[in-house]
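Contents: one structure, followed by commentary.
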């Protein structure tokens, strides 16, 4: 078992690079199949969100560069472009990183709970595609239990802070009151649902949900009293929106500069706030150059969320201590597995020797042998059989002048306790 975690996130890579290496739903099954059937990988999970793309896998020795090369080739991104933003964690560092991610300690918004759901979804998709092996299974199950422990023992998730919350906070900063604002939500996934929940608390005048799948949009709209439109109807409704918040899995922008320009003319250039929290981006970056259009991307939210992080930093110290403890414990368990086969083989060898000598003694006893003599003979032969290999190892280490090896063997045999 050799654990590896590689990836990029909002701290190391720009939105542009994160867009290039994002695994959309249409690519994920193929990627998991390629990864798990590679001769270098025993099992793996791919986590791809707006803020990070990460690969967690159980690899064969000296295979980390092969996984990095695969990521580069799969997305047709050169290693020269990828490597400066790439982080690589191995063994306990990989374990610790996944636990930190699952606990929200590595998120754009410290302690945000949504990432745990995303990690669980990534794990479920890997299982569905038969990409998970026993090592990654154990790793992710442990990460989930650690995240639960952190939520139980700390208050890191005590306040509603998330990218979705930050988007709503931005809207509140720009529009003093949302009571007169019409909000267009593009997408109907988990992030948009969180945005809708936050907005509902501010009683905005009207909420419109635009989504590719009408059924999902209707489900969301019914919760919050919103109207529903199709994505291709956005140009007809955009002028009515004071605030646009978008988060879809579309590989191409949904809202372009020309569309917004037309909407602003129809609005007589009343200001419009557009918040794009999708990766790849849903709104063309050129929209930000238009007068009266205020465009913010995921990266722009960083400055907003900073003010919400302070209250969680103290709790994060305790959470980090839990992660350090749990990652060390898991690493110790992993190391103990390396001895399992050896212990099993050693026990088998000792039992076979015992059974062989015992059977011979029982046969001799049945033939009328002296029980006392046979018992002494059995104990002597069993002792000699069991100490033969360790004795040879001690002799060889001494003859070859290897005091360190000799000391290890003595310690293993418990001889140091006799002095």
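Note: Cβ is positioned from N, Cα and C throughout, glycine not excepted.
Small disclaimer: the values here were computed from a predicted structure and weren't measured.
Residue 50 (active site, nucleophile) falls within neither a helix nor a strand when secondary structure is assigned with DSSP, and so counts as coil. Neighbour count (other Cβ atoms within 10 Å of the Cβ, all protein chains): 23 for residue 50 (active site, nucleophile). The active site, nucleophile annotation in Swiss-Prot covers 50.
Look at Swiss-Prot and you will find 49, 50, 51, 52, 107, 112, 113, 114, 118 tagged as substrate binding site.
Per Swiss-Prot, NADP(+) binding site is recorded for 187, 188, 189, 190, 191, 192. Cβ neighbour count for residue 191 (NADP(+) binding site) (all protein chains, 10 Å cutoff from its Cβ): 24. When secondary structure is read from DSSP and collapsed to three states, residue 191 (NADP(+) binding site) falls in the helix class.
Swiss-Prot lists 97 with the feature site 'Important for activity', giving sequence analysis as the kind of evidence. Annotation for residue 97 (site 'Important for activity'): spatial neighbours 5, 89, 106, criterion Cβ-Cβ under 8 Å with sequence separation of six or more. Residue 97 (site 'Important for activity') falls within a helical segment according to DSSP.
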Residue among binding-site residues 187, 189, 191, 192 with Cα closest to the Cα of residue 51 (substrate binding site): 191
Lowest local Cβ density (other Cβ within 10 Å) among binding-site residues: 49, 51, 107, 118: 118
Neighbours of 49, 50, 51, 52, 107, 112, 113, 114, 118 excl. site residues, C-beta within 8 Å of centre, substrate: 104, 108, 115, 162, 163
Distance [Cα-Cα, Å, rounded] between residue 49 (substrate binding site) and residue 191 (NADP(+) binding site): 11
